[in-house]
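J.: Structure provided below as structure tokens; questions to follow.
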């Protein structure tokens, strides 16, 4: 096979292009360092993994004259549209759907005369087909002292699955789904599904539905279930029925940093099972597959509800929102229910009121106490009941069939868990609603999306899910969208507003709570050990040190990451 792409990438970050020399032997090597592997070393690794090593040539290289020589004006024009769609990134080894992480180093919207630099891209990727590929990649990274990252779909708000000069273990093509009609263990007997690490929500819902089941997964169909989603805890429209996605895990198939191919379950390698089930992705081991409970399918009752925010009803509108928060505990306690709603500058939308095994009319009856309060405030609303015979049809009606409902690749978000106890304290509730109101009134077209749930009373195995989830009434995301039509300085100002003012305001309004570790901005400045892991952190770090004593796996804000920093050239260095 041709190794031309390998040779191209080796020169991209040479010292002649401004990369500072490495200052310490405690840093991972990057291109341009004397220790960077030779072409023959990369070719040898490629032979070891049977031709599945790929040098990174960013998709937007077609928009730039140098250094790849792939400029194509027509292809670039098409890519400018495709770049806004999540699906563009799924089947490309090194791409991540996160404009902040892309960092303007090689994007379709900058001048063709600007060189296409790798920046935060991994330098090489192994298309993983099994444990042997992972073991080969880990061994090479250790021998050559280079950074190692784990990537699945690239659905990654925090930039954990890429890094300057990294070798990426790309698990996207481990995409098999096996239905197990009667899984048996000491802890559980019942239906399950074994999901390869590359399986995404939009596909697995279809497969399990055909077998008569439903499974917890993300609301974005491009989310990989057996990767960061579940290992980060995993919120779902079905949380009210079955707990967090991590609560349903039966076993993990992994390769550790020491090259061991293991099964982690409640009876084997139990500490690793505990850590992987909620303790965060990219740091304990490389997941090859996950076996999870699936659940008998059935109807889903729901409804779509809207009312407007106008200059004439501002105070009554926010009074209705405060009434909603007071009502949410009653709603989520009334059954296996969740409620996804959005607040924008134009009003309120409840787009996914999820009540398993009920119908839309029954759902409205559940909502009636709050609807009565809205009517008393003189607010006109619309409510449309919906009935779905199964979960797949329900999900598709809200988010699109398969991956057709994939969202924009321009989403920027940060999140916060809202404590349930605050809903019983009028003062605390007002403080929280005031913080949410600030997002809408001060946030320059920000949207606020909340997912209401109760996972505190659902039986679950011991795991590393952040304890604050068990005490939360909702998780709320603050969302805006990257605008490629404004300057980088203007876009940076929007990010500054989000991470420097608005999110800290919500954190101040919810002391002692926490944050969903999968939904943080790459520039988030919170106390990540406390906010993302809570009291679990010390035990998680012990497990990290046991299975990865050299800290070969690194991801920003992952367990153990406080032992590292990135220098001005992007090298990963020991503190």
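All residue numbers here begin at 1 and follow the chain in the order shown.
Each Cβ is built from the backbone N, Cα and C atoms, and glycine gets one as well.
Source: prediction; values computed, not measured.
Straight out of Swiss-Prot:
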{"type": "DOMAIN", "residues": "118-297", "note": "domain 'FAD-binding PCMH-type'"}
{"type": "CARBOHYD", "residues": "46", "note": "N-linked glycosylation site"}
{"type": "CARBOHYD", "residues": "103", "note": "N-linked glycosylation site"}
{"type": "CARBOHYD", "residues": "127", "note": "N-linked glycosylation site"}
{"type": "CARBOHYD", "residues": "175", "note": "N-linked glycosylation site"}
{"type": "CARBOHYD", "residues": "268", "note": "N-linked glycosylation site"}
{"type": "CARBOHYD", "residues": "308", "note": "N-linked glycosylation site"}
{"type": "CARBOHYD", "residues": "359", "note": "N-linked glycosylation site"}
{"type": "CARBOHYD", "residues": "425", "note": "N-linked glycosylation site"}
{"type": "CARBOHYD", "residues": "485", "note": "N-linked glycosylation site"}
{"type": "SIGNAL", "residues": "1-18", "note": "signal peptide"}
J.: Other than its own, how many Cβ atoms are within 10 Å of the Cβ belonging to residue 425 (N-linked glycosylation site)?
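T.: Total other Cβ atoms inside 10 Å, all chains included: 12.
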J.: Could you check which of the glycosylation sites 127, 268, 425 is the closest Cα neighbour of residue 485 (N-linked glycosylation site)?
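T.: Spatially nearest to residue 485 (N-linked glycosylation site) by Cα position is 127.
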J.: Quick one: of the glycosylation sites 127, 175, 308, 359, which has its CA closest to the CA of residue 46 (N-linked glycosylation site)?
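T.: Checked the glycosylation sites 127, 175, 308, 359; minimum Cα distance to residue 46 (N-linked glycosylation site) goes to 127.
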J.: So among 175, 268, 359, 425, all listed as glycosylation sites, which is physically nearest to residue 103 (N-linked glycosylation site)? Use the C-alpha atoms.
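T.: Closest recorded candidate to residue 103 (N-linked glycosylation site) by Cα: 175.
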J.: Just to confirm my parser: what is the rounded mean pLDDT across the domain 'FAD-binding PCMH-type' (118-297)?
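T.: Here the mean pLDDT over the domain 'FAD-binding PCMH-type' (118-297) amounts to 97.
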J.: What are the non-local neighbours of residue 175 (N-linked glycosylation site), defined as same-chain residues 6+ apart in sequence with CB under 8 A from its CB?
T.: 196, 198, 199, 200, 203
J.: Secondary structure at residue 175 (N-linked glycosylation site) (DSSP, helix/strand/coil)?
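T.: For residue 175 (N-linked glycosylation site) - judged by DSSP and reduced to three states - the answer is coil.
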J.: When neighbour density is defined as the number of other C-beta atoms within 10 angstroms of a residue's C-beta, which of the glycosylation sites 103, 127, 485 has the lowest density?
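T.: With the glycosylation sites 103, 127, 485, fewest surrounding Cβ atoms within 10 Å: 485.
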J.: Cα-Cα separation of residue 268 (N-linked glycosylation site) and residue 359 (N-linked glycosylation site), in Å?
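T.: Roughly 42 Å, rounded to the nearest whole number.
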J.: Counting other Cβ atoms within 10 Å of each residue's Cβ, which of the glycosylation sites 46, 268, 359 comes out lowest?
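T.: Minimum Cβ neighbour count within 10 Å, taken over the glycosylation sites 46, 268, 359, occurs at 268.
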J.: Between residue 127 (N-linked glycosylation site) and residue 359 (N-linked glycosylation site), how far is it from one CA atom to the other, in Å?
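T.: So the Cα of residue 359 (N-linked glycosylation site) lies 45 Å away from that of residue 127 (N-linked glycosylation site).
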